[in-house]
Amino acid sequence: MAIRLNHSVIPVSVKLGAPTRVSARSSLPFSVGDWRGVSTFSGARPLVLAKVKLRAESTEEDRVPIDDDDDSTDQLVDEEIVHFEERDFAGTACVPVYVMLPLGVIDMNSEVVEPEELLDQLRTLKSVNVDGVMVDCWWGIVESHTPQVYNWSGYKKLFQMIRELGLKIQVVMSFHECGGNVGDDVHIQIPEWVREIGQSNPDIYFTDSAGRRNTECLTWGIDKQRVLRGRTALEVYFDYMRSFRVEFDEFFEEKIIPEIEVGLGPCGELRYPSYPAQFGWKYPGIGEFQCYDKYLMNSLKEAAEVRGHSFWGRGPDNTETYNSTPHGTGFFRDGGDYDSYYGRFFLNWYSRVLIDHGDRVLAMANLAFEGTCIAAKLSGIHWWYKTASHAAELTAGFYNSSNRDGYGPIAAMFKKHDAALNFTCVELRTLDQHEDFPEALADPEGLVWQVLNAAWDASIPVASENALPCYDREGYNKILENAKPLTDPDGRHLSCFTYLRLNPTLMESQNFKEFERFLKRMHGEAVPDLGLAPGTQETNPE
């Protein structure tokens, strides 16, 4: 008997007892010779490979029982199995890789935090040919106390450090609060003077049906309302971006800053803050609509009157709570009100507000950064993707139910402004999600496929980043598959990838070796250990 793995035929001696069905979840407990066990790494799911000492012959004592739910069998493995299927990316297109710097790399006093340690880490990144880093420029730090008084001093010091090492800088215009979401390890609020306005006019914030105000970012209802000390939200965003462009002119002229990512909502993403942890949301809750501030409600009422049904100028009343399931609601269940005449009207309006906000802010960004590439981030709402309503996407503002394409119109808006689309969750596997949360009916792979193709069909650049920390080969291989699709007839690929994020765990020896290997493959370089498990090497039988 022989096993063919990664184009290599490996002889295996197997001694079987009674026929058996081996469960996919069954472990393979090898105890013969020099057992090394089933290889796992950094919390990833085990690869199906094992390493067993070579033997000239087997004895009855070497027989190893393999337990199964329904039956058992005896099996012998007489050869090392160290290969697994892994695609060779040598010679493929180079996809630049950037690394996000820590969220709190600049403190509230506009000083670089632990600059010597940071410099050492940046040198290490440069040594493995990372293309650059991503830096959040926080509105709450730079324009903290007084309108139109900007303090860029800490960022200037940081950018000079990065420039001296020959790294590029992706800059994020971060108009949102940091803190309270998954992965946030610092708390940076929006500017103090804006929060003072919010105390007397809380409708400047997104609001849910219970009247809870979300202070992560400003509601899109005030984009054109002069409620911020005589300025509209759009004017505030433009003035901030223009100040940055003037202050860092030399970095633009030297092409140190090749791209600006513009924050369009919570976490810098173009979405409603529909699943806030601060209000008790837990995965995989469907979230709630966030349109109950007076400005968005006035917009909804006006849209209903134009439609000729003024009684539609209200939010749905049967969507339940943040942690509900679609089938537990009258609105999102199969055949629910989401697909009624009113439901379609409401969802059209709700998603149009999102697209119009992106349209307006990206237009301002192109004015501020004329001649520089701009980008914006779209979140990967992959839970409940396998249901008809796609409830979690609907509450986030993506009208992507099973009978609609919710991402084509967004891609068309990006195309209008020649903006790149940055998408998350490219490292996630649908099978993993099904094993961990089968009730969520998630499909991150299907979502990534839909969004990437919507963007490519609109002829806009597509960048990406991982949604959760990733240190293992399996996650990196999934990113590579999405970055350079094997079956794409046009050879399309990501314009760049941004790794989340620089931290002590990444810098650990084995994790950094895996990252360096991933980086080479993203750059289209050959790696010597293709098809081998991490930490193993080819061995020759004696």
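Glycine too: its Cβ is placed from the backbone N, Cα and C atoms.
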* Which of His176, His417 does Swiss-Prot put in the same substrate site as Asp136, Asp184, Lys377, His382, Thr424, Asn466, Ala467, Arg501? -> His176
* To do: State the count of C-beta atoms found within 10 angstroms of the C-beta of Arg501 (substrate binding site), not counting that atom itself.
  => 19
* For Glu465 (active site, proton acceptor), just count the other CB atoms lying within 10 A of its CB, please. => 22
* Asked: Where's the emptiest Cβ shell within 10 Å among the recorded positions Asp136, Asp184, Glu269?
  -> Asp184
